[in-house]
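Q: The active site, proton donor annotation in Swiss-Prot covers E200 and rests on sequence analysis. Residues or ranges marked as Zn(2+) binding site in Swiss-Prot (evidence: sequence analysis): H12, H14, H197, D278. Marked as substrate binding site by Swiss-Prot: H14, D16, G170, D279. Annotated site 'Important for catalytic activity' per Swiss-Prot: H221, in sequence order.
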Amino acid sequence: MIDPRLPLTDIHRHLDGNIRAQTILDLGQQFNLNLPANELDTLRPHVQITKTEPDLVSFLQKLDWGVAVLGSLDACRRVAYENVEDAAHAGLHYAELRFSPFYMAMKHQLPITGVVEAVIDGIASGCRDFNIDIRLIGILSRTFGEQACLQELDSLLAHREGITALDLAGDELGFPGSLFRRHFNRARDAGLRITVHAGEAAGPESIWQAIRELGAERIGHGVKAVEDRKLMDYLAEHKIGIESCLTSNIQTSTVVSLATHPLATFLRHGIVASINTDDPAVQGIEIANEYLVAAPAAGLTPHEIRQAQANGLEMAFISEQEKQALRDKVFPIS
């Protein structure tokens, strides 16, 4: 269950993986695009997971229709704003939304820096309207190669004040972290916090690489860490958090069942691991499902679920003062 005395967070939530089906339909019609269906009910199977996908890359293809309709910077601004609205309606007090500006710009050749500006603007408007604390994580989409990632990094750093952290996502097997060392050196020099998708499609060596070569402070998914006892020891000792996404890991065939998911093992090993969604609109789930359905099915006790909820705030890329302010806001002590 969700503890109402603790801030509810989602620190692994893709903005460009959370574009509403209705918005895809609206924007598709606005820009005269040939969508796979012209009614909401018939469009959903094309933009939402309806069965377990065979691998991560197949899962990621479900995201493509969402960004295919981003025909203008105003469209990017709209989906950013709606992401904040969705987070607030899900009951979140704090979220870190991550996005790939290159991926969002690609289909309609939008200016990448313009996409970053539009997303920052949409998030700021949403935070004002819905009274929620949202931070942005810029993604380098490794699937598109080193040069595209340099363009993304340049655009993100041009708006450093609106970006909290940098992530590496996409085809983990085809584009290992070692290709992006110089990108992350620049990001760290600019003061960005670092999280990296690792140990989702590739093995523990990908997580070691993210830590040693890219400077990862947190690991996205990190499922394969369970295969390396020394790695789990290291994660626990150095408080390198794991952003767990339970339902997502089933849908991508990263784990075969919730019962075999390693989140409970991580928590019992002393690793700071949290519960998150990943791509809510594509997955057809929200954060409540992960706490009320997925976490118990993954073998977490009520105490462990509460610990994972507390870990979400502990892992957040904000100051200790900001964390305490959130605690006081949610459960004021008179």
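The backbone N, Cα and C atoms fix where each Cβ goes, glycine too.
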Q: Could you tell me which of these recorded positions, E200, D278, has the fewest other Cβ atoms within 10 Å of its Cβ?
A: E200
Q: Restricting to the chain of H12 (Zn(2+) binding site) and a gap of 6 or more, list residues whose Cβ falls under 8 Å of its Cβ, or answer none.
A: E96, R98, G220, H221, E243, S244, C245, S274, N276, T277, D278
Q: So around the Zn(2+) site, H12, H14, H197, D278 aside, which residues have their CB within 8 A of the centroid of those CB atoms?
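A: Surrounding the site, in chain order, are R13, G17, R98, A169, G220, H221, E243, C245, S248, N276, T277, D279.
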Q: Near D16 (substrate binding site), which residues of its chain come within a Cβ-Cβ distance under 8 Å, counting only those 6 or more away in sequence?
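A: Non-local contacts for D16 (substrate binding site): L63, G66, V67, V79, F99, S100, Y103, M104.
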Q: Rounded to a whole angstrom, what is the C-alpha distance between E200 (active site, proton donor) and H14 (Zn(2+) binding site)?
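A: Checking the Cα atoms of E200 (active site, proton donor) and H14 (Zn(2+) binding site) gives a distance of 16 Å.
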Q: Quick check: which same-chain residues outside H14, D16, G170, D279 lie with their CB within 8 A of the centre of the substrate site CB atoms?
A: L15, G17, L60, L63, R98, F99, S100, Y103, I139, A169, D278
Q: For D279 (substrate binding site), name the DSSP secondary structure in the helix/strand/coil scheme.
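A: For D279 (substrate binding site) - judged by DSSP and reduced to three states - the answer is coil.
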